[in-house]
């Protein structure tokens with residue numbers, strides 16, 4: 001995203017009708033817009049005070065009435081002068097007010113904001129770092145209470161502070177290494193007297209703890225896609241209804257009732273889970289019509305995109321050759337849980353049986369026996385841990401950076417393991433790996449970040465944020 005410092009304006013509230021709508025303006029020399037749009041009868045707006053006023057056209061006709069709030073730089077969201085006009089939340093009146101602001105700001109070059117540009121300016125003006133900026137959009141998009149709490153942690157700077165603490169520790173260790181390299185004549189045994197290995201091990205342990213928390217937080221953000229697959233009439237739709245707690249899928253005794261995907265989003269321990277019910281799988285030649293055949297094709301397409309496959313089986317009937325053929329087509333890289341349904345008919349009790357290659361759980365979707373076992377095993381399978389600690393709503397780029405930093409620290413540990421003189425090349429390599437680890441961690445908060453990445457991140461925001 002190329003930075004254009006011209007003043008910007010946008011509607012800051014969500015599209016649609018509401019009780020209140022906000023038009024936001026940010027940039028230099030916006031006092032002319034205040035004078036032109038706000039009928040304050042000569043009184044100046046006091047910074048950070050709400051002033052009730054009419055919003056007017058150039059001819060003095062009233063567009064709307066509401067509150068005008070002026071934030072003087074640097075005490076604003078963007079770090080620039082900001083004007084917020086809070087009026088009624090109708091889309092037409094808000095568009096009229098925005099158009100009036102753009103007309104009044106022609107002389108100062110006022111233009112429409114790009115997606116995420118207000119937050120981008122906040123980042124450039126050091127009002128927040130990159131991880132906090134991502135926390136803004138994660139908080140807006142949070143689909144569960146747990147995800148919202150974790151996003152709030154990132155927005156408040158908790159994640160950034162943790163990363164900065166790691167960076168500071170690596171920096172201190174680098175300073176000792178560089179000093180030893182610069183003054184070899186002192187003949188200091190750096191690795192022993194500065195306890196470099198001990199410091200490095202402490203950093204590695206701290207980084208691993210952060211990675212664990214971030215990985216858990218990523219589950220809260222990205223959620224999980226679970227596909228229910230199996231032969232017709234084994235209870236896939238009944239299981240979807242049991243997990244959802246309502247009748248979201250049609251259930252009948254007729255095999256092949258489900259003809260297309262049915263998707264329902266639920267929560268398990270605060271993790272958003274997309275449960276995808278699919279058409280029953282059987283040989284295409286046995287399909288009753290073209291619609292069922294297409295439904296079976298879509299089932300296999302859904303299976304390929306799953307994070308976890310739940311293979312539904314009939315506990316009352318037992319395993320069949322058709323079940324084995326279905327298993328043979330499952331992708332090898334996707335974990336599979338085998339759920340034996342209808343234990344209310346078979347005489348089985350709710351149970352879980354973990355085998356080397358798969359997990360078998362016995363349930364009844366109609367009377368909900370074994371459902372807690374199923375939910376718990378799903379969490380275990382995806383690596384969810386109840387740590388009791390605050391989680392960071394990490395993104396994929398955060399996890400990649402943390403993993404890369406970990407790898408560089410591992411290489412540094414290997415170089416530090418050599419019993420060598422201070423001037424040995426291994427110490428140079430030790431210092432370089434520390435530098436690279438520090439750089440990877442700093443990319444999380446935006447200290448070392450390419451313009452291309454910034455453009456991608458902020459383009460995902462809404463226009464007025």
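Using N, Cα and C of the backbone, Cβ positions are placed for all residues, glycine too.
Marked as (6S)-5-formyl-5,6,7,8-tetrahydrofolate binding site by Swiss-Prot on the basis of sequence analysis: 24, 84, 127, 465. Taken from Swiss-Prot, the feature domain 'TrmE-type G' applies to 223-383. Residues annotated as K(+) binding site in Swiss-Prot, with sequence analysis given as evidence: 233, 252, 254, 257. The annotation GTP binding site is assigned in Swiss-Prot to 233-238, 252-258, 277-280 on the grounds of sequence analysis. Residues or ranges marked as Mg(2+) binding site by Swiss-Prot: 237, 258.
Everything Swiss-Prot records as a feature, shown here on the structure.
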residue	record	DSSP class
24	(6S)-5-formyl-5,6,7,8-tetrahydrofolate binding site	strand
84	(6S)-5-formyl-5,6,7,8-tetrahydrofolate binding site	strand
127	(6S)-5-formyl-5,6,7,8-tetrahydrofolate binding site	coil
233	K(+) binding site	coil
279	GTP binding site	coil
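Cβ-based crowding with a 10 Å cutoff singles out 24 as the top-ranked of the binding-site residues 24, 127. Ranking the binding-site residues 233, 237 by C-beta neighbours within 10 Å puts 237 at the top.
Across the fold, the C-alpha of residue 236 (GTP binding site) and the C-alpha of residue 24 ((6S)-5-formyl-5,6,7,8-tetrahydrofolate binding site) stand 49 Å from each other.
Distance from the CA of residue 233 (K(+) binding site) to the CA of residue 24 ((6S)-5-formyl-5,6,7,8-tetrahydrofolate binding site) is 55 Å. In sequence order, 12, 22, 23, 24, 25, 68, 69, 71 make up the list of same-chain residues 6 or more apart from residue 84 ((6S)-5-formyl-5,6,7,8-tetrahydrofolate binding site) whose Cβ falls under 8 Å from its Cβ.
You'll find the Cα of residue 127 ((6S)-5-formyl-5,6,7,8-tetrahydrofolate binding site) roughly 57 Å from the Cα of residue 233 (K(+) binding site). Set side by side, the binding-site residues 236, 279 differ in how many other CB atoms lie within 10 angstroms of their CB, and the most is found at 236. Separation of the C-alpha atoms of residue 237 (Mg(2+) binding site) and residue 279 (GTP binding site): 9 Å, rounded to the nearest whole number. Over the domain 'TrmE-type G' (223-383) the predicted model carries a mean pLDDT of 85.
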